[in-house]
């Protein structure tokens, strides 16, 4: 006997979370609970505004159609919006006990704001020092100066930077001018510095600063391949699609000799813990990019270890549909 519950959550965000052109006041998504006999499987469907191709309403419509078919004994379709494909495939994998329980709860802290506070936090970080900084929000020159100061002050620090394609080539060069050439190798990667792939490639070749593909991974013409100056592929399952698609991307990335990084699209704690399990399974040697929980004011159903945020139980969520 197959049974389904589809829930909707809406969690208030901390002030100041801006996605491209809009301030995100709440994080809204769907939680799927599959049941077959005694077995349970959970999944999260949470398109990210400004980044996902599908809206939450479109995702809900697609999920409802699939879940009704699933209850009737059908398998989930392969042709689904990415967030729906990811959430349903996670729930199915949990149900079938194919998603390992072991998780990688290490996270590259997402840093923003005051360089002095940043310095104190990074200095106190145990083990491998890897942090992520969003660049491109302020002046490129300021970004370059902060990166340079941090790398100079903390000799064992590696930085992951993310520009979200926000720079012209001239601005990207302005950033690079303020990072000493001797420190550039400790930038693990800079995600998509320029507005076009070709400009980003040229930037990497000419500055010696490694880049990573992120937005490009979701474009129809993208192929994983080794090329000069590219060191990593950032995989955001909510934006990419099913577990099978993520597995294939990781495999292709490793075969090309590149680093694969599993990364968050600001999922709830339930989705984040599943991403931590996925990272432990598929990319055990790489710290995942999952430091987004503190952007929210509550957790959902499954808590993240050591988080003190309040936890919403399933009973506190709205039920969209139940079989």
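Each Cβ is built from the backbone N, Cα and C atoms, and glycine gets one as well.
Going by Swiss-Prot, these are the annotated features:
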ACT_SITE  134  active site, proton donor
ACT_SITE  236  active site, proton acceptor
BINDING   162, 191, 214  Mg(2+) binding site
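With respect to the residue listed as 'active site, proton acceptor', the closest of these recorded positions in Cα terms is 214, chosen from 134, 162, 191, 214. Neighbour density at the Cβ, taken as the number of other Cβ atoms within 10 Å, is lowest among the active-site residues 134, 236 for 134. In sequence order, 160, 161, 163, 164, 189, 190, 192, 212, 215, 234 are the residues of the same chain, not among 162, 191, 214, whose CB sits within 8 A of the CB centroid for the Mg(2+) site.
The two recorded residues residue 214 (Mg(2+) binding site) and the residue listed as 'active site, proton donor' have their Cα atoms spaced 13 Å from each other. The C-beta environment of residue 162 (Mg(2+) binding site), restricted to residues of the same chain at least 6 apart in sequence and closer than 8 Å, consists of 132, 133, 134, 135, 136, 190, 191, 192, 214.
Residue 214 (Mg(2+) binding site) counts 24 other C-beta atoms within 10 Å of its own C-beta, drawing on all protein chains shown.
Around residue 191 (Mg(2+) binding site), taking its Cβ as the centre, 26 other Cβ atoms fall within 10 Å, counting all chains.
Mapped onto three states, the DSSP output places residue 162 (Mg(2+) binding site) in strand.
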